[in-house]
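What follows is one structure encoded as structure tokens, with my remarks underneath.
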Amino acid sequence: MSDIPPDLHYTAEHEWVRRSGDDTVRVGITDFAQSALGDVVFVQLPEVGAQLTAGESFGEVESTKSVSDLYAPVSGTVTAVNTDLEGSPQLVNSDPYGAGWLLDVQVSDAAALESAITALLDAEAYRGTLTE
């Protein structure tokens with residue numbers, strides 16, 4: 001079974017969200033997603049400062065098997081991207097919840113972030129999507 005940390009929030013598109021500040025989150029793909037993708041060879045991410053809209057594509061992950069779109073779990077501004085993935089995209093496979101993170105997003109304010117996180121899946125609900 002895939003590793004699903006209980007302290008994170010999830011999307012049906014197999015991304016995770018970790019609150020990292022009052023109005024910021026860190027985003028990555030789940031263990032299930034990296035396992036399904038196979039060996040990741042390239043990650044395309046937006047520039048710092050880019051505006052994301054929840055539910056819309058913001059980049060892609062390319063593996064030896066396929067290319068998959070990444071979808072924004074929340075709306076906001078990209079404040080950081082994981083530049084380590086440029087030279088080491090395999091970090092998405094080896095440490096999807098740590099060194100393989102994708103980007104940080106700042107939401108307009110703490111209330112907006114609270115609302116956005118509430119709309120995401122908790123670990124148990126995400127686990128349920130994997131067994132359907």
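Here the Cβ of each residue, glycine as well, is placed from N, Cα and C on the backbone.
For the domain 'Lipoyl-binding' (24-106), the model gives a mean pLDDT of 97. According to Swiss-Prot, the domain 'Lipoyl-binding' annotation covers 24-106, on the basis of sequence analysis.
Feature annotation from Swiss-Prot assigns N6-lipoyllysine to Lys65; the stated evidence is sequence analysis. Look at Lys65 (N6-lipoyllysine): DSSP puts it in coil. Cβ environment of Lys65 (N6-lipoyllysine): Leu37, Gly38 lie under 8 Å away, each six or more residues apart in the same chain.
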